[in-house]
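Annotated in TrEMBL:
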- 25-35: compositional bias 'Basic and acidic residues' (COMPBIAS)
- 24-46: region 'Disordered' (REGION)
- 609-628: region 'Disordered' (REGION)
- 56-83: transmembrane segment (TRANSMEM)
- 95-116: transmembrane segment (TRANSMEM)
- 176-205: transmembrane segment (TRANSMEM)
- 225-245: transmembrane segment (TRANSMEM)
- 266-290: transmembrane segment (TRANSMEM)
- 328-346: transmembrane segment (TRANSMEM)
- 416-438: transmembrane segment (TRANSMEM)
- 444-463: transmembrane segment (TRANSMEM)
- 475-492: transmembrane segment (TRANSMEM)
- 512-532: transmembrane segment (TRANSMEM)
Amino acid sequence: MNSVIPICELPSCLKMDGELLSPHTDGHGRKRDGQPKSPSSSSSSHLAYSVLDIPPWYLCIFLGIQHFLTALGGLVAVPLILAKDLCLQHDPLTQSYLISTIFFVSGICTLLQVFLGVRLPILQGGTFAFLAPSLAMLSLPAWKCPEWTLNASQVDTSSPEFTEEWQKRIRELQGAIMVASCVQILVGFSGLIGFLMRFIGPLTIAPTISLVALPLFDSAGNDAGIHWGISSLTIFLIVLFSQYLKNVSVPVPVYGGWKKCRTAKFYMFQVFPVLLALCLSWLLCFVLTVTDTLPSAPTAHGYLARTDSRGSVLSQAPWFRFPYPGQWGLPTISLAGVFGIIAAVISSMVESVGDYYACARLVGAPPPPKHAINRGIGIEGLGCLLAGAWGTGNGTTSYSENIGALGVTRVGSRRVIVAAGCVLLLMGVFGKIGAVFATIPTPVIGGLFIVMFGVIGAVGISNLQYVNMNSPRNLFIFGFSISCGMAIPSWVNRNPEKLQTGILQLDQVIQVLLTTGMFIGGFLGFLLDNTIPGSQEERGLLAWAQIHKEFGDTLQAAEVYSLPWGAGTRLCTCPCTRTLPFWPGPDRERHQLSCPLALDTLGRVPAGCSRDQHQRTAGPPHQAALEG
């Protein structure tokens with residue numbers, strides 16, 4: 001999960017005289033391939049390239065690298081957060097292997113999603129939703145790290161004993177993720193996601209997403225507390241670049257088009273605020289290390305702010321390392337882990353549906369039809385299965401900050417995300433790349449986490465903009481869900497022995513679920529929102545439905561969402577395939593969004609809708625939320 005950029009027309013990252021710098025146009029409103037711009041619609045008129053356009057190869061590569069850098073913070077953060085509970089806090093080399101693996105798998109999943117999934121330009125990557133149940137599972141008594149692994153002087157990272165200690169934990173995560181991903185595959189390819197969305201509204205989404213981040217602040221504070229000066233600088237720079245300097249352009253020389261050499265405006269601070277802040281703080285740590293300003297004793301406060309505290313990882317890491325399935329051994333399965341990850345899978349699915357609608361709007365495409373949504377969720381489940389097999393310690397989901405980047409660059413072409421997927425694959429194969437990110441000083445990571453987790457929590461709360469918060473009903477549901485989602489896990493963590501039933505597997509399932517605040521808050525929000533009487537306007541479902549009307553039909557849905565090579569429309573059109581909920585067909589080319597309102601708690605049919613129309617319609621999407 002990831003940072004969110006509002007779904008609105010954003011200033012382009014590269015401008016020339018108020019226009020997006022795009023050497024692929026001829027100055028007469030035509031693409032270089034001779035296709036005229038559609039006279040069109042408000043949603044696509046501001047795009048340099050829409051979803052079906054093909055930019056020049058060099059622009060695809062440049063923007064693909066930018067998408068990689070945009071997702072970098074979330075991709076690197078996931079394995080670094082897991083490292084402590086996997087007993088890897090003193091093994092940066094293995095951390096670098098995990099980072100390379102998550103790069104590689106994210107590249108595979110991105111290509112699968114673009115070619116066979118929802119077919120929108122959406123990057124896939126690790127998700128914070130999986131962290132809460134993963135950390136809850138690893139906190140069970142059977143999986144707590146031995147004391148000797150917490151002491152750097154006692155850890156021999158090359159010893160078989162230490163290797164088995166961390167590998168058996170990640171194998172347990174792998175098994176849980178692979179089994180839980182089968183649920184997502186089933187829900188997606190069977191079409192059940194449309195049925196589930198009828199009952200999920202803002203009052204379910206808001207506590208679920210908020211409680212992904214709130215339990216992680218303790219960990220972020222501990223990392224930042226290694227050296228508050230460095231972490232405060234990191235926070236300050238991120239805020240400065242992303243909020244105060246976001247509209248400040250930097251002149252850059254460019255070459256090509258009708259003018260050989262000219263200057264363009266590049267909104268560098270808006271596009272790379274996290275990367276710039278991270279590099280500057282990293283540089284300061286290097287200077288303080290070289291001048292011996294930071295303490296050199298490993299036990300001294302602030303030692304982990306030194307850049308040489310993990311410096312050996314760069315020399316130890318291989319130049320090339322090809323991640324492969326089962327690289328940590330054969331996955332193991334426990335009931336507790338599976339139930340916890342299933343709760344994360346449900347949350348991830350709901351977020352992804354919202355991301356599909358947000359992405360469609362930004363790239364000038366019509367809202368995705370049901371068969372495309374079903375395929376997208378199914379492919380995300382397949383991606384989680386691959387992530388489990390490869391051993392990333394995490395699943396995959398759609399990255400919301402990359403959807404926002406589409407609005408910044410005004411390039412919505414699928415080819416750009418294909419290029420980004422290839423960049424991820426290459427970065428995953430170069431072992432030194434992962435090693436570089438594994439050497440980031442701990443307080444720099446802590447400062448980054450404080451900002452990132454704050455944004456995640458705010459994204460969850462932002463879903464309440466559709467709800468009438470003057471309603472005592474809604475105030476009670478949200479407040480009670482958040483309160484229980486924080487209080488119950490806190491009590492269970494302090495008193496695990498009071499929930500013993502005598503059946504070990506059942507005890508583990510109960511402890512994992514009741515220490516996952518996201519599950520508790522989301523479940524209570526879902527239950528109360530669907531059982532306490534309330535009108536659709538009060539619940540926020542009318543406002544969500546209005547989003548559909550604002551998308552508009554800018555392209556035929558069949559052009560965007562059909563499978564490659566005409567499968568389902570020109571090829572493989574046998575009657576048996578038409579019954580598959582994820583398969584496009586000739587009868588599905590004309591996509592219409594009629595009456596996209598969920599049934600309220602009293603079973604009333606929305607005004608202006610026949611009951612037959614209403615029963616055939618899935619629920620509304622939710623606001624695009626943070627993942628990476």
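Glycine is no exception: its Cβ is also placed from the backbone N, Cα and C atoms.
No curator has checked TrEMBL annotations; they are predicted automatically.
Only pairs six or more apart in sequence are counted, and the transmembrane segment (266-290) with the transmembrane segment (475-492) gives fewer than three Cβ pairs under 8 Å, not enough to call it a contact. Ranked by Cβ pairs under 8 Å to the transmembrane segment (475-492), the stretches 176-205, 225-245, 328-346 are led by 176-205. Taking every listed stretch (56-83, 176-205, 416-438) in turn, the largest tally of C-beta pairs under 8 A with the transmembrane segment (95-116) is reached by 416-438. Ranked by Cβ pairs under 8 Å to the transmembrane segment (416-438), the stretches 56-83, 176-205, 328-346, 512-532 are led by 56-83.
Of the Cβ pairs linking the transmembrane segment (512-532) with the transmembrane segment (176-205) and spaced 6 or more residues apart, 3 or more are under 8 Å, so the two regions touch.
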